[in-house]
Structures are given as structure tokens and as C-alpha cells.
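S.K.: The annotation compositional bias 'Polar residues' is assigned in TrEMBL to 53-67, 83-95. The compositional bias 'Basic and acidic residues' feature in TrEMBL is assigned to 71-82. Per TrEMBL, compositional bias 'Gly residues' is recorded for 97-106. If you look up TrEMBL, you'll see 151-170, 194-213, 225-247, 253-271, 340-358, 388-410, 459-479, 485-504, 516-536 marked as transmembrane segment. What TrEMBL lists as active site is 472.
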């Protein structure tokens, strides 16, 4: 047990005095601890008493004569005249790692003046000293669980997950063998993927067209209504063009999903570019008229059409356009290399889980809405764990690794691509925290514009979810060539879930209850059901065409 520099005092504070007696026959100085004002001991014989701790021992000289020690800590006159010889072995030693233990220096600590005397030590560690002094909660109680680190438990969970899943992987490989095939990821008819690849390469045409439109309006060659019409045509074409290409050519699902994701990102960026440019023109006009003072606006209101700004925005990890962004000082090449290695590893893990676990589960299952209810529940529960692993790997690869790699290469400073969505207490909090680029875009270009135009808050929320549902359906249904609107209804179902989880959170007033409800809906009822619906229909469709 480590001894602190200032041990706790117990009961009535005693005067801790150490008596230093100069011997007449030697030059050695001895220290006698105070043992009481009415106890006399003979100094002729010396008894060594040890006060021990778990880590150190201290030898205290205890005289067996009847020498009196007064209340002031000094020896009485009759004892002071006696000649007492104390050997060096009977001297008290200092406790600690310092070098201040010589010369009768009875200090405890690091050998400096911060130590305490032995009398205080004797009082602090007596059996009668109270061991319980104040109210304390157990570390895992609800009031104290978030007041300390849980890194050890997190490490334990990692070890258990690795051990359990390693056994399951080995058991699966021994039972079913290697099930991974390239047909799902890359079409055997590789030439059929070329139209999608070429379509992806031609997507920059639409940002260039938007730039030309903004340049024309800056030169006052076209009016504002024409600008709005042209931007609507450009943004709509940026989505319809990939949809037509994917529907025209039957290629791999992954290729179609990738193309639709790029097309959706281009659409979101072009809408932000057009909307922001329009607002900057309006602000510039208001400043010229004197309706708005530039000093009252905490931003750069100068309207400037710069191709470099647009090009940087189109590749930057953000969906909200602005002329300039916070930038970092340099590019950490070693850090980028490490993140790329992680990206490759986790992408491989994600593909392994899909092909080795999810694909067989779906192939061996019936349609969840057409079979037995208990059987469908069993399939959903069996699919929930590998689906959760895949979703977490996807989130880590996309939002943490890839976006940070892109931001580092472009020296993009604002890297809040997500918040602690895993602590969400309601569905509303989850949607506000898990995808910050999309959330900021929705707030900037959908939600607040609706409020400024007199649309009620609830209707604005429904409109935002409606836009999200349309693009979720496009990104999944179009590559799969399945238009049953499972993704659309799944996203729109979030609106009543927002109300339900908010009501439950307000009723229970407990963050753990809300968080558990969120995880249950997220892991069991939400994604596994949608994945089973689309994946099952996709496998049936591929089976009919083979």
C-alpha cells in the first residue's frame, strides 16, 4: 500500500512532536517519538519496534526506561542530564525514493519537505481509523456508470467478439466450404459494366454546365427565372441519365449502386451550388441597395463565379457549397497510407460476411411477407447479426476512413462527418448525427427554406424525409431492377418512429431506455427486414434469369 505525503488524521488532532537529543558522548543525533505525557521509560536499553507497511518498513527506537516526555515534545530535565548512546541502526529511516533519510530526518515521502512525521503516520493507519468516510456509488450503478472510463470493458468485448466470431467462421468454412463468388460483385459479362463506367466518367459534364449558367447570369446575359429553369434541367438530367443507363444494361449490382451513389452526390452538390449562388446574388443586391449591412453578416457575401472553387467543391467531402473552406497545413502521407490499408481490410471483411453468411441465409429463406410468421422472425433474427456487422463496417469504411482520406488529400479542415450516433436516444437524434454531410445539406437547403416560406415544422420534416426516401429507393431499386418501394416506405416509416421514440423518451426520462429502443429498432426491425426483402427478391430475379 503506497503511503501518501499527507496521511489522513483520525479523531482528535494530536501534537506530532519528535524529540531530538544530543548525546554527550557522541555526535550522533537521535529522534524519539512522542508516546505520551505520563509514560516514563529507561534509556539504558533500546528496543527496536517496526512500523511496517506493505511496501516499506521503519525502525523506531523505543526506550524501555522511565524517561518522561512532556506535552511540548521535549524530554524532562532529569532525563536530559543522562548520557544516552544510540546506535545508527536504531535511527528512524525515511520512507520513499528520495535521498533525504539521513541525519535523523524523519520524513515520509520523496525525501523532501513534503513528508510527514511518524506520529502522524501512526495515527493515520491505526486499526481504529475509519475506513468509510463518505457516500460513494458503485462504478456500474446508473448514477456513476458514465463518470469513468470503460476502456477495459471495451477491450474485453473486442476480445470476446474476435474469439466467438473466429470460431463461427471456422465452423462455417468446415461445414459449407468457401462460398464466395465474384458474380455478385463483378459481372461475368465484364463488357456490360463499361456503359456504367463511361456514364460515371461523363458525370462532370453537369457541373460544367452549371458553371456556364452561373457565368452567364454573372455577365447579365440571362435573367433569374431562366437561371432557375436551367438549373432544374441540369440537376434532373444528372440523375435521370444514370438511371436510364443502368436500366438499359443489365450489369453487376455493385456497379449500379456505385454509379447511383455518385449521381446522387452530384445532384446534391449541384442543388447546393445553384441555391447558394442564388442566395449570394440576392445578398449582394440587398447590400447594394442598403437593405442589409455587410457588417451585420458573419460571412463573405461577395458573389464570385470561380471554376476552381466549383472543382474543389465537387471533389471535397461535403455537400454544402461555399467559396472557401477551412484548410489544414499539410498532407500526412504516412497517415493516409495507414487509412488505406484499413480501408482495404474492412472492405474485404464486409464482402466476406455478405458472401459467406448473408447470401446463404437469404437463399435458404422464404419471402418474409409470404411465408410463416415465426419462420420469418427466425430468419430476420438470424440475419440481424451479420447485417449489423456489415453495416458497421460500411459506416467505418465510408464515413471514417474514406471521407477522412479524401479530406486529408484535399487538406479539407472540417472533418465532422458524423457524431456519436451510437448514443442516440431517439430515431430523430440518430438521423441528425450519423450522416453529417447529408444532415447539413437537408438543414440548409430543405428544412430552413421551408420554414422561411411559412411551411410548418412538421411538414418540413416530412419533406426532408421524402427527399431522403426517394434517393434511397433510387440507389437500391434501380441497380437491382426491383421497384417495390421497400426502401421508400422504410424511410418514410421513420416519421412515425420519430414521434414514437420521442414520446417514449419523454415518458421514461432515461437515456438508457431510449438508446435501447433505438438499437432494437435499428438492429432487429429496420435494416434486416429491408435487406431480406430486397436481397431475397434480387436472388429470385437472378435465379429466374439464369
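Every residue gets a Cβ built from N, Cα and C, even glycine.
In TrEMBL, annotation is done automatically, which means it is predicted and not curated.
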S.K.: Please work out which recorded stretch in 151-170, 388-410, 459-479, 485-504 has the most C-beta pairs separated by under 8 angstroms from the transmembrane segment (253-271)?
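M.R.: Answer, by Cβ pair count: 459-479.
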S.K.: Compare 225-247, 340-358, 459-479, 485-504 by their Cβ pairs under 8 Å to the transmembrane segment (388-410) and return the stretch that comes out on top.
M.R.: 340-358
S.K.: Please list residues from the chain of the residue listed as 'active site' whose Cβ is under 8 angstroms from its Cβ, counting only those at least six apart in sequence.
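M.R.: Within the chain, the residue listed as 'active site' has Cβ neighbours under 8 Å at 487, 488, 490, 491.
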S.K.: Go through the chain and flag residues at least 6 beyond the ends of the transmembrane segment (194-213) whose CB is under 8 A from any CB in it; none is fine as an answer.
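M.R.: 222, 227, 230-231, 234-235, 237-238, 241-242, 245-246, 248-249, 251, 255-256, 258-259, 262-263, 266, 269-270, 273-274, 305, 307, 310-311, 314.
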